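Enquirer: Sending over a structure as structure tokens; questions will come in a sec.
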There are 2 protein chains.
Amino acid sequence: MKITILGCYAATPRSFTNPTSQVLEIKNNHFLIDCGEGTQVQLRRNKIKFSKIKHIFISHLHGDHFYGLVGLVSTFRLLNRESELHIYGPKGIKEIITLQLKLANSWTNFPLIFHELTSKDPQLIFENSKVSVTTIPLKHRVYTNGFLFREKEGDRKLLIDKAEEYNIDFALFKSLKKGKDVVSEDGELIPNHLVTDDPVPPKSYAFCSDTVFDPEIVPLIKKVTALYHESTFLEDQAELAFPTKHSTAKQAASIARMAEVQKLILGHYSTRYGKIELFRQEASEIFPNIVLADDGMEIVVE
Amino acid sequence: MKITILGCYAATPRSFTNPTSQVLEIKNNHFLIDCGEGTQVQLRRNKIKFSKIKHIFISHLHGDHFYGLVGLVSTFRLLNRESELHIYGPKGIKEIITLQLKLANSWTNFPLIFHELTSKDPQLIFENSKVSVTTIPLKHRVYTNGFLFREKEGDRKLLIDKAEEYNIDFALFKSLKKGKDVVSEDGELIPNHLVTDDPVPPKSYAFCSDTVFDPEIVPLIKKVTALYHESTFLEDQAELAFPTKHSTAKQAASIARMAEVQKLILGHYSTRYGKIELFRQEASEIFPNIVLADDGMEIVVE
């Protein structure tokens, strides 16, 4: 599981910082999460192939989270994309994008499929054989969702040497991986656990931005492998966090601690702070395992 | 008169090139012309104060000419702008921008005034005491206008030494600048031309992008001081220029020659060409005085 941070700063793109966007690589899926202005350039700079992006998740309709979307869709068109593109985001996103394509007389030559979200409860919005994606309802100034990406439990690990030792026919290996007991060529019943190991524990990633401090999300993200939680402010500006419906680094760390996550990734920094290291200092008093996101960073989650 | 090229490449923003946007500084007005994705970052990089931008002219509703507009408007809002912002562009532009502001629940706290264009004839769309702006109808795949910026003739240049020599009262200097004859303190009628010089000849700038080769624009841009004319392609791709309604460098130069302009600025290059110098080579066979626009370039027109 790898997260490439394309942008992780709040409010507006600047000369050297980008608004929110990241690519989650999980079980061979490349999910684009949020798409601030300049995301297509950041994809190029980070050498992520456009054709790998098949699903885009938009948390909310503030500009720093989606103003790059229409440009990316248009560029897909110019590159003669043919494969489906799925966009998941708040109701209204379809009208915004299609209005612009219509006025430019530039309909896409690939299927562009919108999944508009309106539910205030967690909702399964994507599922394939390897991964599921569920919304995490967040509290912000407009309708907002986080997203929980969860690997499904994989096959058991086959111990080839053991399987050969027990004289098990090759044709039964698939059954072994699925956890079944099998009969060897000698007619002996071989319990599964003798020739397989437990599968790699499934990993999970919760993306939570933008949001006010909200312990109601804790049960939804309990024990995830990695949590991205916004920390727009430090505690010195806590009085700004609540009315603007943002969080401080300390609040993000409190959520991480309550949810017992393995790793906390901080981002969505206000550019008023000179050094992002300050966010780590504040959060690490509450929660130990912190990664400070920064534009262009690749975070590999083992 | 100064033109700052924020972006001058066709189709999509890339790692090191930007789509169309430029700032024309003329008689203390700062006009933003087109606003591709990333324009607000390019304004910052080129140290152009956001507060100076009061009028934005959008040629057409293809993404590489206006996808940066909604982000710029939003940033003006975040910066607590109070002064009016005027946007001139094709019908539909108001709906696109206001729909996005509405869904973000982010109305501007400054007056945002749209001037939607539909006429297929040249139209005076802006005028103050120093400058006028007229549309140049262009032929492209969607409704498109170029823009002609024209300085008004200024005051005559007062020759202070001469005026003192003829013993003219200071209170009459304003009349002299306006071209009037005056009576000296000795009671003598002083013809204006003895104490003033002709005013600086007014300058003019024609922005023409995107457009197919179209000699019909020649009378509209006759003898302008500087012409920006797109040259998306070279002649080797001339068969692409017509169906996509673009021009080649040679065609741009032909327009410049027919219109007898003083200076031709080329831009809107397709990124298929490695070196933009190729555009100069092709165009200079037809027209001598060529400037190759490039991102970040300042072009001062004397």
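Every residue gets a Cβ built from N, Cα and C, even glycine.
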Enquirer: Besides B:Asp64, B:His65, B:His268, which of B:Asp121, B:Asp210, B:Asp214 does TrEMBL list for that Zn(2+) 2 site?
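Expert: That Zn(2+) 2 site, as TrEMBL gives it, pairs B:Asp64, B:His65, B:His268 with B:Asp210.
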Enquirer: Measuring Cα to Cα, how many angstrom lie between B:Asp210 (Zn(2+) 1 binding site) and B:Asp64 (active site, proton acceptor)?
Expert: 10
Enquirer: Under 8 Å Cβ to Cβ from B:Asp64 (active site, proton acceptor), same chain, six or more residues apart: give me those in sequence order, or none if nothing qualifies.
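Expert: The answer is B:Ala10, B:Ala11, B:Thr12, B:Pro13, B:Pro19, B:Thr20, B:Gly36, B:Glu37.
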Enquirer: Can you name the binding-site residues among B:His62, B:His65, B:His140, B:Asp210, B:His268 whose Cβ is less than 8 Å from some Cβ in chain A?
Expert: B:His62
Enquirer: Counting other Cβ atoms within 10 Å of each residue's Cβ, which of the binding-site residues B:His60, B:His62, B:His140, B:His268 comes out lowest?
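Expert: Taking B:His60, B:His62, B:His140, B:His268 as the binding-site residues, the minimal 10 Å Cβ count falls on B:His140.
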Enquirer: CB neighbours of B:Asp210 (Zn(2+) 1 binding site) within 10 A?
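Expert: B:Asp210 (Zn(2+) 1 binding site) is surrounded by 26 other Cβ atoms within 10 Å.
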Enquirer: I'd like the Cβ neighbour count for B:His65 (Zn(2+) 2 binding site), meaning other Cβ atoms within 10 Å of its Cβ, all protein chains included.
Expert: 28
